[in-house]
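What Swiss-Prot records for this protein:
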BINDING   Cys18, Cys21, Cys40, Cys43  Zn(2+) binding site
BINDING   Pro122, Thr123, Gly124, Ser125, Gly126, Lys127, Thr128, Leu129  ATP binding site
DOMAIN    6-59  domain 'ClpX-type ZB'
Amino acid sequence: MSEDRQGRSTDTGKILYCSFCGKSQHEVRKLIAGPSVFICDECVELCNDIIREELEEKAQSARSSLPKPREILEVLDQYVIGQNRAKRTLAVAVYNHYKRIESRQKNDEVELAKSNILLVGPTGSGKTLLAETLARLLNVPFTMADATTLTEAGYVGEDVENIIQKLLQKCDYDVEKAQQGIVYIDEIDKISRKSENPSITRDVSGEGVQQALLKLIEGTVASVPPQGGRKHPQQEFLQVDTKNILFICGGAFAGLDKVIQARSTDVGSIGFGAKVKSAERKQEVGKVLAEVEPEDLIKFGLIPEFVGRLPVVATLEELDEPALIKILTEPKNAITKQFKKLFEMENVELEFRPDALSAIARKALKRKTGARGLRTIVESVLLDTMYDLPSQENVSKVVVDESVIEHKSEPYLIYQTPAAPEQKAAGAE
């Protein structure tokens, strides 16, 4: 006797039965054949239900251990220096977001609205790091997207649904996991519309992208090609519901402070009785940004519907010299700690003098790169030393001071010899 893959007997008169429930081939729709066993479609469905219930139980147990806002803030403090107001805002918003997901599963009568987040702050102030740290803490899939590469569907560039595809890739195409992930969209200020007045021409990388992002951010079912394939009509798509995905949008919004100041200044105050803006107020960009209102974002170039989808706004302050010095030394993964670890692997101690840290911070401020530029400065100063060090012997310590940062001298190498330690500058004869 022989059977095909659906369990149909090729010999007449022979009835086949499911090896699990015992039902015959006439009582079920499908009977799938394995090596000497059969399973019916009903048993397959039952197995799927059992697996699905176990996955839901795991997800619920993971959510029951959701850290409280105070605990989220404590973790953020370990990695991000300063920006206390922004960190508190994020901690509360993220906690409420995942509580909202829990509420939806309980089918409560009151439906909680989704609260996506907008981060406003200068380059290098910690926007991306905050989003990354949150995702790592909550153990959820996380992906980043650059708004400047996005275009409307049908135009050259990335489709907005590619963002969801990247999120799926981060969790090995597990749709359930992806539907509770975090998406960070950077440079969101770069897709502001080119003028306040509606244009008769298409703005495919500005207002057009904002329109395309609206439904995705609010909550829709996105069709994503499996395993990163290209879309074509005959293809089956993965359906990803974005209503529980937390979207965090970030941007520098250069010039937004001027928009806020223009609003807060009395328009009618002209002539001798006019209020004069002080130079001090002009310099306090961080404090000005903290007063941002939805109307300011609309004036800047975001469409009203898009601003409405980002109800939580957190502003970050520009980092000053003391804050940059703390960033160099205090976080768990501080830059100086990372380089010290690299030198430890060569059995060499690395020391940064206090004046060196100040010089690094001043240089980063001068370049207007914020915390992002700190690593570049340290890397350039230690490059030659890291190149030569593995080939040198008896080096016990490397010292970096202000003169090294200013490129007036090389890092100081301290040699350990059996007789006595000898100190000299690298490259000295």
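Including glycine, each Cβ sits where the backbone N, Cα and C put it.
On a predicted model such as this, the values are computed, not experimentally measured, just so you know.
For Cys18 (Zn(2+) binding site), the same-chain residues that are 6 or more apart in sequence and have a Cβ closer than 8 Å to its Cβ are Ser24, Val28, Leu31, Phe38, Ile39, Cys40, Glu42, Cys43. For Cys21 (Zn(2+) binding site), the spatially nearest entry among the binding-site residues Pro122, Thr123, Gly124, Lys127 is Lys127, judged by CA separation.
In the three-state DSSP scheme, Pro122 (ATP binding site) is classed as coil. It is Ser125 that, of the binding-site residues Thr123, Ser125, Thr128, has its Cβ surrounded by the most other Cβ atoms within 10 Å.
Listed in sequence order, the residues Gly121, Gly250, Leu316, Gly370, Ala371, Arg372 complete the 8 Å Cβ shell around the ATP site centroid, once Pro122, Thr123, Gly124, Ser125, Gly126, Lys127, Thr128, Leu129 themselves are left out.
Within 10 Å of the Cβ of Lys127 (ATP binding site) there are 26 other Cβ atoms, across all protein chains.
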